[in-house]
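Going by TrEMBL, these are the annotated features:
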- SER47, LEU48, ARG49, THR50, TRP75, ARG110, HIS147, PRO148, LEU149, GLN150, CYS289, LEU290, ARG317: carbamoyl phosphate binding site (BINDING)
- GLU142, HIS189, LYS253, ARG293: N(2)-succinyl-L-ornithine binding site (BINDING)
- 2-160: domain 'Aspartate/ornithine carbamoyltransferase carbamoyl-P binding' (DOMAIN)
- 232-326: domain 'Aspartate/ornithine carbamoyltransferase Asp/Orn-binding' (DOMAIN)
Amino acid sequence: MKQFFSVNDITSLSQAVQSALTSKQSPFADEALGKHKTIGLVFLNPSLRTRMSTQKAAMNLGMNVMVMNMTSDGWALETKDGVVMDGNTAEHIKEAAAVMGEYCDILGLRSFPGLKDADEDYSEELFGKFAKYCGKPVVSLESATRHPLQSFTDLITIVEHFDYQYDSVQEKLVPQGKKPKVVLTWAPHVKALPQAVPNSFAEWMCRAQAEGLVDFVVTHPEGYALKEEFTTGATVTTNQDEALADADFVYVKNWSSYEDYGQITCTDKSWMLTLDKLEATNNAKVMHCLPVRRDLVIASEVLDSEHSIVVQEAGNRVWAAQAVLKEMLKNQ
Ligand code: CP
């Protein structure tokens, strides 16, 4: 594996999940793989889970880890080509990425969208340039439009909390009985947030649905449709109650409008997930990528209940990252 930007970089979801769960059983089984290899984790935005889980995964594989928080510790980066750098930016991404490639065998990058210009954000130009100029395998720690390590984690967590068997002859996960109904629901927020997590979750769940692993439903208010390429094959509805009926997993997330790009066009608090709403589900497990604002996005009564698996989900970030880094190291 030379890059991990999206679900398209995974050949088999079943085998990827199995690899992650194998690492969870034996975290240090592959510690020789990363000996004398270095990963650089580059953050242009804040992080708790991505930073610590990827660092831990790399250490489990015997790697050296360097973390660079660009906004507090690095030079201000220029990302555009052909500009005279007489403003506030001190270093061009061309040199910065190339230099990091000199120090590291694998690089990770987090860079959020500006949420001003959809075409610019969805071009993923910054990621493309970073990958090109560093010349090393790059893992997305969340880009403008996707958060694949989170979505991989989410699939692992769903598999762990439902009845699947791994058929080792066909190398496929097989749900025992009916497939789980997985619902992605929009929730209110006071800030305009990126679409990266819901885009990515939807993309992974659509693929999982195509591979016979889940049934997938997306629900959001009018005006919050995700870009179509991420939801192909999903059932999409603006009726949250209808979507939640018989759900086995409810994935809660706010996102800003794609149609009215980067704007908050709905503040309807009734979209917050409560225990009352969960009555209609199949005793659903509740998921969120975190951080989550209590009693705005999800009611505390839900987060503090048996429904919530958000902490176990965050714990699985390590195994998703470890499965990806294992594949990258095997190719080195
Ligand atoms: N879910 C997630 O990516 O968390 P952080 O932003 O804290 O890394």
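Numbers here mean position along the shown chain, with the first residue as 1.
Placement of Cβ uses the backbone N, Cα and C atoms for every residue, glycine included.
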Contacting binding-site residues, sequence order - LEU149, HIS189, LYS253, ARG293, ARG317 vs ligand 1, Cβ under 6 Å: none
Position of peak Cβ density within 10 Å, selected from the binding-site residues ARG49, ARG293: ARG49
GLU142 (N(2)-succinyl-L-ornithine binding site) and TRP75 (carbamoyl phosphate binding site), distance between Cα atoms, whole Å: 21
Lowest local Cβ density (other Cβ within 10 Å) among binding-site residues: HIS147, HIS189, LYS253, ARG317: HIS189
Between LEU149 (carbamoyl phosphate binding site) and HIS189 (N(2)-succinyl-L-ornithine binding site), the C-alpha gap once rounded to whole angstrom: 23
Cα separation, HIS189 (N(2)-succinyl-L-ornithine binding site) to HIS147 (carbamoyl phosphate binding site) (Å, whole number): 19
Cα separation, GLU142 (N(2)-succinyl-L-ornithine binding site) to CYS289 (carbamoyl phosphate binding site) (Å, whole number): 12
Cβ neighbours within the same chain of GLU142 (N(2)-succinyl-L-ornithine binding site) - under 8 Å, at least six residues apart: ASN45, SER47, THR50, ARG110, SER111, PHE112, LEU149, GLN150, ALA196, VAL197
Integer Å distance between the CA atoms belonging to ARG317 (carbamoyl phosphate binding site) and LYS253 (N(2)-succinyl-L-ornithine binding site): 17
Secondary structure tally of the domain 'Aspartate/ornithine carbamoyltransferase Asp/Orn-binding' (232-326) (DSSP, helix then strand then coil): 32 helix, 15 strand, 48 coil
Maximal Cα-Cα distance (Å) across residues annotated as binding carbamoyl phosphate, namely SER47, LEU48, ARG49, THR50, TRP75, ARG110, HIS147, PRO148, LEU149, GLN150, CYS289, LEU290, ARG317: 30
Length of the line joining the Cα atoms of ARG293 (N(2)-succinyl-L-ornithine binding site) and ARG317 (carbamoyl phosphate binding site), in Å: 20
